């Protein structure tokens, strides 16, 4: 071996030794990006534990986006945007989680009975009817009338306490699945129909009927004559909380 070759070999040995010392612990494992923080990142938890009134977004993406429209006493810990529900069903208010969540499986229902609802109404009539924010056909309804305990327990499978002193009245928690939630218990002050109804945006709404009629309905308490009307026409000035009723037909009979 020539002196030049020996010198070159010696230099290479020193270079390799220096690289090994600079590396430190000698770990030469090549780590892929999938072995790092991305793999250890925990999956986001669903903003709800269970849901009866699930809604799927119209966005054509996969996994799809879901939102739970259940009204609850307290949102799940994973919910980021918990908003107050209008006209909540619980004492002290109700809340809805408005988060959208991307998942293949939105999770189980909270109320197993919703899978086999009875088509029979638990109530004969209802003034404070509420349509649930679900999208089946026919729709789902709940009656929030305050009843005497004996009335509620006789008609409903489940009752809850109404707001106010305890013990007091009860509210039926049963859900009815059908197209017709039934008649009102308290008659509308203007009768069964109205052409000129004015209602606020509450749920249920408070309404007035400005129809000019030959005579007010028997249930009207504040019946006033329209000025300068000949023959005389009348308007019921009462307010009513609930649906104002269908349009009167034919209009000429008013």
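Cβ coordinates come from backbone N, Cα and C, glycine included.
Source: prediction; values computed, not measured.
The following features are taken from Swiss-Prot:
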SIGNAL    1-22  signal peptide
DISULFID  51-248  disulfide bond
DISULFID  125-185  disulfide bond
DISULFID  126-143  disulfide bond
DISULFID  152-159  disulfide bond
DISULFID  156-172  disulfide bond
DISULFID  193-248  disulfide bond
DISULFID  194-209  disulfide bond
DISULFID  199-207  disulfide bond
DISULFID  216-223  disulfide bond
DISULFID  220-236  disulfide bond
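This view paints the features noted in Swiss-Prot onto the structure.
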| residue | record | CB count, 10 Å |
| --- | --- | --- |
| 51 | disulfide bond | 23 |
| 125 | disulfide bond | 14 |
| 143 | disulfide bond | 25 |
| 156 | disulfide bond | 18 |
| 159 | disulfide bond | 19 |
| 194 | disulfide bond | 26 |
| 216 | disulfide bond | 21 |
| 220 | disulfide bond | 21 |
| 223 | disulfide bond | 16 |
| 236 | disulfide bond | 24 |
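It is 199, among the disulfide-bonded residues 126, 172, 199, 209, whose Cβ has the fewest other Cβ atoms within 10 Å in the structure shown. With the fewest other C-beta atoms within 10 Å around its C-beta, 185 stands out among the disulfide-bonded residues 152, 185, 193, 248. In the set 143, 156, 172, 207, 216, none of the disulfide-bonded residues has a C-alpha within 10 Å of the C-alpha of residue 185 (disulfide bond). Closest to residue 159 (disulfide bond) by Cα-Cα distance, out of the disulfide-bonded residues 51, 125, 172, 220, 236, is 172. Nearest to residue 51 (disulfide bond) in space, judged by Cα atoms and limited to the disulfide-bonded residues 126, 152, 172, 236, is 172. On the backbone, the CA of residue 156 (disulfide bond) and the CA of residue 216 (disulfide bond) stand 36 Å apart. Counting Cβ atoms from all protein chains shown, residue 207 (disulfide bond) has 21 others lying within 10 Å of its own Cβ.
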